[in-house]
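**Q** Mind looking over this structure? Questions follow.
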Amino acid sequence: MPQHSMGDKPLVSMPQLVVPSPALAMDSACGHSPPSRRVSLGSSPGHGAPCPAAHSPSDSCSQLLCPPLTEKHGRQMPPEMHYVAAGPQSVACGWWAFTPKCLQAFNTPRGFLLFLCAAAFLQGMTVNGFVSTVITSIERRYDLPSYQSGLIASSYDTAACLCLTFVSYFGGNGHKPRWLGWGVLVMGAGSLLFALPHFTAGAYEAEVAEGVGMCRANRSVACRDSTSGLASYRLVFMLGQFLHGVGATPLYTLGVTYLDENVKSSYSPVYIATFYTAAILGPAAGYLIGGALLNVYTEVGRRTELTTESPRWVGAWWVGFLGAGAAAFLIAIPILGYPRQLPGSQRYVVMRVSETHQLKDSGRKAASRPNFGKTIRDLPLSIWLLLKNPTFILLCLAGATEATLIAGMSTFGPKFLESQFSLSASEAATLFGYLVVPAGGGGTFLGGFLVNKFKLRGVGIIKLCLLCTLTSLLAVFVFFIHCPNVPMAGVTASYSSSVLPEGRLELTAACNAACTCRPEHYSPVCGSDSLTYYSPCHAGCGGEAAPSAGSQKVYQDCSCVPQNFSSGFGHATAGKCTSTCQRKPLLLVFIFVVIIFTFLSSIPALMATLRCVCDRQRSFALGIQWIVVRTLGAIPGPIAFGWVIDKACLLWQDQCGQQGSCFVYQNSAMSRYMLITGLVYKVLGFLFFATTCVLYKPPSESPNSLAASLPRQSSASDNPMDVRDTPLALQLRSDVWRPTCLPRGTS
């Protein structure tokens, strides 16, 4: 073995660490450099302490950091690894000069994960929980039509799409915890702004209309063309949602990459899965807390004759947003105190294996520059490098198809259960929550666990996504099954209980002709003959029985409800008749399977995205992926599902001659349309994952070659002092040495 000499002292040949200045960065992963720039592995950069001349076979100084390269003539070249000085950085946790020792216990990946999960939980609870729960109350309180409330909801995704490129590009090369902390602060400001109209619009006043809806007191509703000034508050709500979108943008791009950079690559899926699980549990808490607050009158402390069942009831929708705003400020403070890199993270930078898709041109050479990605001039090249990566593009398209199904089902899943099983809106939302929380949260965490358990990489991760998509595709066929509609007089059945032809409505009959019932008064009741009626008026009910505590409202003397066991008319109970469908358990089980396997592929697909792009482009790649997913999936998903479901409507709301929302759906048609939509998007997702599996080009070297040559370390570097024990002598001192962004497999 040849020897290198330094003066008159021979040294045992060892792997070399090439440490060029930023201006002399190299273009290959394990290339060459002038001898004057070489530093032996046994020396800490800048200290010049050589390794001892004699070493045992197990000495760490003799272990290879990079697999030997072989030239065309078969001669092995000395292994080298490129490092670029990143400048002096502090790894202490704190704010400016205030870095107390008590805070350093949280300066670990697990500590950061705790606060990041709290931020994701808060984001999910606010945006996907509170907003979805109170949107109907806001429409009622501020006289907003449905399309305007839809604009409020879409403002979040619009803001995210506008900010993702900027945040992921510059934040990916900046101080990620500071970007995250300021994002949480902006999100908190959006929550406080969203609650502002309650304090500036004046007190809510609503009249109680006694007897409206019954045969003898069916007063008409005046149709007004004029609109109140309250509708202008939609701009405030849209701005609040816009700030929610801006603040949440760093969470799912910079937060994910910061976790991935500071933990061992094999444990990264578990950390990221825990983070996403918290984000999924947030909406569940939002539905529970928001639903409970809606049972409190919006003017807290003021007595009202309205009840929660009254059409004019408005709950305390604003309280949750005040709490979310305060919580955001408390969560942002510790996140802002974290350093650019956690102590010990350099060990994982060295050990992390690049599984970048191999490009055939020299575009990767430009990306290997130390200063690449820090100016706006590099933005077009960054986008071009991602567009030329077929693995990345196909994963984005597969994610868009999954996002379409998730967004569509989360919006209209409760409506599907409400129609199929004849449930109230609150009962359907609760039942759907019981399905989504264990299936969505469990599937997300299980996906990360499987990647870590079986040490999946590259093609193995993509094959897991393919298997999950195929399983959920087969489970979608459950929508062949449907429950029959509960008979409704004048809609699906005649007043004599005979079946009506499809599409024919006969709400007026001889028994209620004298009542002059108005179509604006939709308040379904269940007659004693197990037939649902449009309203107490359409059932011919002339009075209301004295209500007992905790019982449902009962209407009596209903001329359209036959009485079988005595003379006189029958009675009706407020609410729709319950469904006796025997297929309910089977439907729920297979819907659970669809949900869990859809979420099961989310973390593996995310890990595949992180592994198929260059280190320097990870944050930016996630930003571009989120833009594609939102533009092609999350935004049009509810629109596509809503348009399809409306095709199954049997009875539309009549608002002074204008068509409103749908009251009654045909269950068989709804199931059929859900099946078609689900199959289309699942088949597309399966094809995208299958094509990714075929086109992905793994590195030419063994993925474990570098990791095997390094000493074993703990999984998460939870002890900031662990890094001092590594024989690589790559401690974070005044200078941090970071590998350049270079694809593997080059020579």
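Counting begins at 1 with the first residue displayed.
A Cβ is built for glycine as well, from the same backbone N, Cα and C atoms used for every other residue.
Nobody curates TrEMBL annotations by hand; they come from automatic prediction.
Heads up, here are the entries from TrEMBL:
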REGION    28-55  region 'Disordered'
TRANSMEM  111-131  transmembrane segment
DOMAIN    112-697  domain 'Major facilitator superfamily (MFS) profile'
TRANSMEM  151-172  transmembrane segment
TRANSMEM  179-199  transmembrane segment
TRANSMEM  235-259  transmembrane segment
TRANSMEM  271-297  transmembrane segment
TRANSMEM  317-338  transmembrane segment
TRANSMEM  392-412  transmembrane segment
TRANSMEM  432-452  transmembrane segment
TRANSMEM  464-482  transmembrane segment
DOMAIN    505-562  domain 'Kazal-like'
TRANSMEM  586-608  transmembrane segment
TRANSMEM  620-645  transmembrane segment
TRANSMEM  673-696  transmembrane segment
**Q** Using Cβ distances below 8 Å and needing 3 or more such pairs, separated by at least 6 in sequence, tell me whether the transmembrane segment (317-338) contacts the transmembrane segment (179-199).
**A** yes
**Q** Hey, which bits of the same chain come close to the transmembrane segment (432-452), Cβ under 8 Å, at least six residues off its ends?
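**A** Beyond its ends, the transmembrane segment (432-452) has Cβ neighbours at 266-267, 269-274, 276-277, 280-281, 283-284, 287-288, 410, 413-414, 417, 461, 464, 468, 588, 591-592, 595-604, 607.
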**Q** Would the transmembrane segment (620-645) count as touching the transmembrane segment (151-172), if touching means at least three Cβ pairs under 8 Å and pairs must be 6 or more apart in sequence?
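**A** Stretch pair touches.
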**Q** Take the C-beta pairs under 8 A between the transmembrane segment (111-131) and each of 151-172, 179-199, 235-259, 464-482. Which stretch has the highest count?
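**A** Counting Cβ pairs under 8 Å, the winner is 235-259.
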**Q** Which sequence-distant residues neighbour the transmembrane segment (179-199)? Criterion: at least 6 residues beyond either end, Cβ under 8 Å.
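**A** For the transmembrane segment (179-199), the far contacts come to 116, 119, 122-123, 126, 131, 142, 167, 171, 233, 236-237, 239-244, 246-251, 254-255, 258, 298, 317-319, 321-322, 324-329, 331-333, 335-336.
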**Q** Contact between the transmembrane segment (151-172) and the transmembrane segment (586-608) is defined here as three or more C-beta pairs under 8 Å separated by at least 6 residues; is that satisfied?
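**A** Contact between the transmembrane segment (586-608) and the transmembrane segment (151-172): absent.
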**Q** Summarise the model confidence on the domain 'Major facilitator superfamily (MFS) profile' (112-697) as a single mean pLDDT, whole number.
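**A** In the predicted model, the domain 'Major facilitator superfamily (MFS) profile' (112-697) has a mean pLDDT of 84.
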**Q** Is it possible to list how many residues within the domain 'Kazal-like' (505-562) are helical, extended or coil according to DSSP?
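**A** For that range the per-state counts are 3 helix, 14 strand, 41 coil.
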